[in-house]
């Protein structure tokens, strides 16, 4: 059964309840991404050196527990090499950021799983959406493991987490978010928009490049590469830095992940490519009189333009927390608009779908 036919099974108020639930989960994920960004920017991500999915829900409640948590932090290289002499009060500040980030992860897990099980029990979700929503849950469980895998990279030899693992962690969170946004749009059962195949191709390319750009941005963040080369449009004194500076590490591919100049340069070049592609897509959609797809393309181009301005300001000011978080927040908006644009251009044609019989609200199945 196709997605649109499947959504025929979900009549109000059933479909409304499912969409409200998924909207809340998507909003929580967006908040968690921003809290994660603040945790990184405040260098708080390694303040909790243990992984306790259940018992770690409660923070330290007594002086003895606080001192024990602080002593645990003192055993890792970040404290010894960067924060030696930190007071307990200062430790509490970074602890609360990381604890809040982990708590949000637990809240999201509960906010997703419990209503999902209830909807399944009530027969509110058909077979196709069951598979999709179980898949999203599996990605969420994987994300918890990836989060600890990331933190573990900074507990023994490094003074920070691996930028590659950080990028994987962020990108997986955004893939989960995008999957929920896509599902929400499909459940809305919007009429399809007739459009040329080239519009679909450029929309899909925009979505793929947006995810790649978010991954590259996470590499910049993980390396603190936004705190160097704080000029624009020049970088390292040129529009295109010398090959010797871009590719000095061996083997060559390490520069893509470890070289501050190369990582920031890649992020800039991808931003230019995304902006140009979004402009082309918007012009094409408007000229094609693509209706809702034209307005969607214009909104996406506007968001990418704002994102570009915020990115430039963030670099010029050496990554202040406020600008960096605004840049990350608008990145989530860009991703949302890119997902919606692809979905509206690739939605199945309703006329080709068999009509399913509505199921009464109280009847399972």
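Indices start at 1 and increase along the chain as displayed.
Any Cβ shown, glycine's included, is placed from N, Cα and C.
Annotation comment: Swiss-Prot describes 267, 327 as heme binding site. Look at residue 267 (heme binding site): DSSP puts it in a helix. Cβ neighbour count for residue 267 (heme binding site): 22 (other Cβ atoms within 10 Å of its Cβ, all protein chains included).
According to Swiss-Prot, the transmembrane segment annotation covers 17-37 (among others). Non-local neighbours of the transmembrane segment (17-37) in the same chain are 10, 97, 100-101, 104-105, 107-108, 111-112, 115-116, 119, 124-125, 169-170, 173-174, 176-177, 180-181, 183-184, 187-188, 221, 324-325, 328-329, 332; each lies 6+ residues outside the stretch with a CB under 8 Å from one of its CB atoms.
According to Swiss-Prot, the transmembrane segment annotation covers 107-127 (among others).
If one looks beyond the transmembrane segment (132-152) by at least 6 residues along the same chain, the residues whose Cβ comes under 8 Å of a Cβ in the stretch are 45-46, 48, 51, 53, 102, 105, 108-109, 112-113, 116, 125, 161-162, 165-166, 168-169, 172-173, 175-176, 179-180, 183. Under the heading transmembrane segment, Swiss-Prot lists 132-152 (among others), citing sequence analysis as support.
Annotated transmembrane segment per Swiss-Prot: 164-184 (among others), in sequence order, evidence recorded as sequence analysis.
If you look up Swiss-Prot, you'll see 203-223 (among others) marked as transmembrane segment, on the strength of sequence analysis. Outside the transmembrane segment (203-223), and at least 6 residues removed from its termini, the chain residues within Cβ reach (under 8 Å) are 37, 40-41, 160-164, 166-167, 169-171, 174-175, 178, 257-258, 260, 263-264, 266-267, 270-271, 273-274, 277-278, 281, 293, 297, 300, 324, 327-328, 331, 334-335, 338-339, 341-342, 345-346.
Counting residues 6+ beyond its ends, the transmembrane segment (264-283) has Cβ neighbours under 8 Å at 199, 202-203, 205-206, 209-210, 212-213, 216-217, 219-220, 225-226, 228-229, 235, 240-241, 246, 256, 294, 297-298, 300-301, 304-305, 307-308, 311, 315 in the same chain. Annotated transmembrane segment per Swiss-Prot: 264-283 (among others), in sequence order.
Same-chain neighbours of the transmembrane segment (296-316): 199, 203, 206, 226, 229-232, 264, 271, 274-275, 278-279, 281-282, 284-286, 290, 323-324, 326-327, 330-331, 333-334, 337-338, 340-341, 344, counting only residues six or more beyond its ends whose CB sits under 8 Å from a CB of the stretch. Per Swiss-Prot, transmembrane segment is recorded for 296-316 (among others), and the stated evidence type is sequence analysis.
Residues annotated as transmembrane segment in Swiss-Prot: 320-340 (among others).
Taking residue pairs at least 6 apart in sequence, the transmembrane segment (107-127) and the transmembrane segment (164-184) share fewer than three C-beta contacts under 8 angstroms. Residue 327 (heme binding site) falls within a helix when secondary structure is assigned with DSSP.
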